[in-house]
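Q: This is the structure I want to talk about, given as structure tokens.
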Amino acid sequence: MNQNTDSSPSLKLVDDPLIRGLTISIRYAVRILAVLMVLVIWWGVADVVYVLYERISTHPYYLLNISDIFATFGAFMAVLIAIEIFINIASYLRENVIHIKLVLATAFMAVARKVIVLDYKEVSAEYVFATAALVLALSVAYWLAVVKNTSIESHGEL
């Protein structure tokens with residue numbers, strides 16, 4: 001049966017001038033988000049420089065304690081997460097598809113940032129277990145996305 005007939009609902013949606021106009025509008029909104037994300041990235045880089053300068057220029061000079069190092073790691077990871085989000089946006093603009101592996105990798109990086117800067121003296125055991133469960137869930141989801149994609153590619157199916 002030919003699915004490319006005029007009665008196909010997907011063709012009617014594409015041919016609908018309202019939907020086409022709204023889609024163009026959304027593409028411009030995503031472009032604006034990409035520009036704003038680049039500004040956030042540069043702001044984050046400036047923040048990393050400021051944090052490093054502030055930590056190194058206070059007495060004792062050129063020495064960082066553990067909390068200073070964690071603050072620096074947190075600032076670095078925030079910039080890396082912003083870069084990953086920008087890559088997600090750019091990928092969407094190029095292919096008009098949201099790549100689940102990229103989104104999961106970004107989420108995993110955000111959770112990893114939390115784990116890196118986590119002060120175990122300040123949080124409850126429930127918070128630590130919830131974070132561990134989130135890491136496990138994201139790991140399994142990413143693994144499933146990779147295995148499913150590999151399985152689909154090896155069998156030549158969509």
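Glycine is no exception: its Cβ is also placed from the backbone N, Cα and C atoms.
For reference, TrEMBL lists these features for the protein:
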- 28-53: transmembrane segment (TRANSMEM)
- 69-90: transmembrane segment (TRANSMEM)
- 102-121: transmembrane segment (TRANSMEM)
- 127-145: transmembrane segment (TRANSMEM)
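Could you give the neighbours, burial and distances for every feature on this list?
A: Same-chain residues lying 6 or more positions outside the transmembrane segment (28-53) and placing a CB less than 8 Å from one of its CB atoms are 71-72, 75-76, 78-79, 82-83, 85-86, 89-90, 92-93.
Using a Cβ-Cβ cut-off under 8 Å and counting only residues 6 or more beyond its ends in the same chain, the transmembrane segment (69-90) has close neighbours at 30, 33-34, 37-38, 40-41, 44-45, 47-48, 51-52, 55, 98-99, 102-103, 105-106, 109-110, 112-113, 116-117, 119.
With a cut-off of 8 Å between Cβ atoms, the residues of this chain six or more beyond the transmembrane segment (102-121) that come close are 70-71, 73-74, 77-78, 80-81, 84-85, 87-88, 91, 128, 131, 134-135, 138-139, 141-142, 145.
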